[in-house]
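Novice: If you scroll down you'll find the structure; I have some questions about it.
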Amino acid sequence: MNTIISPKEIALYIDHTLLKPEASPAAIRTLCAEAREYSFKTVCVNSCYVPLCVEELQACPVDVCSVVGFPLGAMLSSAKAYEAKLAVAAGADEIDMVINIGLLKAGELEAVRADIETVFAACGEADLKVIIETGLLSDAEKKSVCQICKEVGVAFVKTSTGFGHGGATVADVELMRAVVGERCKVKASGGVRNLADARALIAAGANRIGASAGIAIVNGEEVPPSR
């Protein structure tokens, strides 16, 4: 991939993200205004804010992405599916679900598959991205869950929530891309704070960047790590 992709082109890769528990309606409106101004691919928000984002982004090419089962993934699959169904009904174009990490760590791969399939079925025409939380997984576990995602046929595999240990790395994106090939896209999320990071992840195979630092990225600036 082109490692000298321009900042303007980078904007089309970015899910402009605000998932903090203290995020207010006013902050979500600002997020949407920024996404319109910079032509980001989507805004990524908690499901309660999907209707507001749909309202704010009317007649605008920016899509709405909702997280589901976020950030732990440790809820009933039926509850994740219901949240996804409601978000899609409210206008979400994309769903980012968190897998049941504990089941994957326990080697219960069929249960992990069932969890993903249940949410996938609830998404209808919306694209499903599956967050695997790479910072908590061995390489073997990353490969196993990416293979499941490939077989189920989800739209994306995604590195991280940004709430757990670690974030997106070039090595993880390369590993995920090697497993899914062209069958799924790859979203790199977690700790992407500058243009160089974004370019490196795209060069490694990422099709999408999840970041709260989208404006800094396209402006060639850097956001310091959160504390």
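In case you wondered, yes, glycine gets a Cβ from its N, Cα and C as well.
Feature list, courtesy of Swiss-Prot:
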ACT_SITE  Asp96  active site, proton donor/acceptor
ACT_SITE  Lys158  active site, schiff-base intermediate with acetaldehyde
ACT_SITE  Lys187  active site, proton donor/acceptor
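Have a look at these and tell me how they're positioned relative to everything else.
Specialist: Following the DSSP three-state reduction, the secondary structure of Asp96 (active site, proton donor/acceptor) is strand.
A strand conformation is recorded for Lys158 (active site, schiff-base intermediate with acetaldehyde) in the three-state DSSP classification.
DSSP assigns Lys187 (active site, proton donor/acceptor) to a strand in the three-state reduction. Counting every protein chain shown, the Cβ of Lys187 (active site, proton donor/acceptor) has 29 other Cβ atoms within 10 Å.
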Novice: Can you check which residue among the active-site residues Asp96, Lys158 has the largest number of Cβ atoms within 10 Å of its own?
Specialist: Lys158
